[in-house]
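Q: First, the structure itself, so that you have it in front of you.
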Ligand code: HDE
């Protein structure tokens, strides 16, 4: 289709008044960057803009130029001596274009290489009074944020839905400087001391000889390490649970993991753990779905985040803290708060909500923003300080260090996505990629030649390290935790899960250990499971065809029900429903169904036997977003069937016989993955084999579909089908 007439209506396509469905179904004109997409103007030492006002580069002017701005008449042919003669070295445009292309790639992050991000706003409730002096947590303050979600182990091109921990890193551009909350979707970590980070990551990364498997923990080196280094067992069981395969970045909790110290205006301090609570609830995929998606749509989470934002279903989270007293021993209810392998159950310290974050804008350019964003746990603001957790201390060093290599020099804070949105007045100068044009002659302190500027900020407005007492004693290389207990919270997590969640954990261990080659590794991990729970160990041992080792489980461990993901109902905005239709039915009711779902923020994908526009028996035109060739149920949260398209002749042995196998597969997988399936009219007949199954519903007409469908979607999955006994 011609892009010269991008605004020409496409039959059946949503009109310009209709909200977007997040699917690029019709051609559209290239959008110029809107004012809010402009990168913040670089800030010079004086706080003034240091370069040209147009922070966003390229595709803004009409005429092609070199990087130096010289207009070019041609970019398709090299300069040659004669039409078939040699290419000339004087062709600067060729050399500049090739040189730049040759250097387009930068080193990927050593961990968290695969990610997706979005812009948003954090709105403070003002509930932090008396807890912290941080200005962005005062009542009603709105702070721009940029959030990057990631997997940990895989490289930049790996699949989104692998079993792994997810990164959840938030950059708050506050009026008092940048605050980065660089967390994960799992509240504990594999190690207690930063010196073990290289070990755990080397164990999880692909084997060094063949460089396989990619983005997986289902291999010998990982389980070799975690079964020997048993403080990793707690984090590992979270990975084996549904938390390791989130449905969406939008449906993940986030955790700061370490204990932080909040400092109030009066100097009083509290120890806290940060939490992000998703408004959409905590939901996961089932493992087979995650595996299929890794092949069918490796960008599933990235696409989901961008589509949800584009369709107006803005993801949002509440930020909260668990507040504990800042006691000299830094423990709470017997839990060592400096031990990042332990969590504090919410039943003991409820989460006190401080504000809400909404992500409402996709990045304009992946590389400029998502790839070049540089988080750092040392980006702290007044009122928020670190503790002596040695894992955190290692991170304070590591994040600056890694950006030097990754972003090519010390001035990465000047890259637009990293720039503070407040005056910057440092004494840092020069270096690779220096963007600021500093004024003044005295970049040192104290000075008289620049009138003494910049002056130290008065303490009440500055970030001042808390004068917390430090443990005295001898220099020592040894464990820092007060208790060496690796299994009681691992057991607590297991005991807190519902039967269906436990079954998933057993399935995950059986898969992961089953993928190991070394018998000794499997046996050693089984010995660890024997210390977590007898039933868990037995179930996994049976699946591996091994005996169950003896082991003593920790006594008196109480479950923490808040660790389970199930049991509540959640908003459905951003959920995706596929509706199978064809040209043998009236399509006006399908439009009405789509509008009813859209009103709740649910995205509808119309699935036809083929792509393009369908014209129903009532003359209504409907644009398909998918065809039976391009979709599988794994990209959907529920399936609606309104028609029984005749099978494609080349896919069935006898012409016209039975269901189209692609539709058959769609239904069968949706059923197996616990999704709601609703049919009406000819679609109801298609569902006869699933008659009376939980979560399979048949209605008289399309207008009756939305109600029961939405009710099921609120519970995420048809749990009684996934685990018939409980
Ligand atoms: Fe990180 N981590 N980490 N990490 N981490 C990085 O920094 C590191 C840890 C986390 O989207 C790297 O810029 C060490 C815990 C996230 O850009 C690197 C240790 C938690 C991200 C690094 C840890 C995290 C990173 C790689 C042990 C959860 C992605 C690229 C002492 C609380 C941020 C980069 C993004 C990234 C080091 C442990 C979360 C190498 C040494 C614990 C979400 O600096």
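From the backbone N, Cα and C atoms, a Cβ is placed for every residue, glycine too.
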Q: Looking at 1-54, 55-108, which one is region 'Disordered' according to TrEMBL?
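A: So the range that TrEMBL calls region 'Disordered' is 1-54.
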Q: Quick check on the annotation: TrEMBL has 109, 197, 395, 399, 406 binding heme, so which of 148, 163, 243 does it put in that site too?
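A: Answer per TrEMBL: 148.
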Q: Looking at Cβ-Cβ distances, which residues of the chain lie under 8 angstroms from residue 109 (heme binding site) while being 6 or more apart from it?
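A: Looking at Cβ-Cβ distances below 8 Å from residue 109 (heme binding site), excluding near sequence neighbours, one finds 115, 150, 156, 402, 406.
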Q: From the Cα of residue 395 (heme binding site) across to the Cα of residue 184 (active site), what is the distance in angstrom?
A: 14
Q: For a quick check of understanding: given the listed heme-binding residues 109, 148, 197, 395, 399, 406, what is the maximum Cα-Cα distance in angstrom, as an integer?
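A: Result: 21 Å between the two most distant Cα atoms.
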Q: Here are some recorded positions: 112, 395, 406. Which one has the most Cβ atoms within 10 Å of its Cβ?
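A: Sorting the candidates by Cβ neighbours within 10 Å, the top entry is 112.
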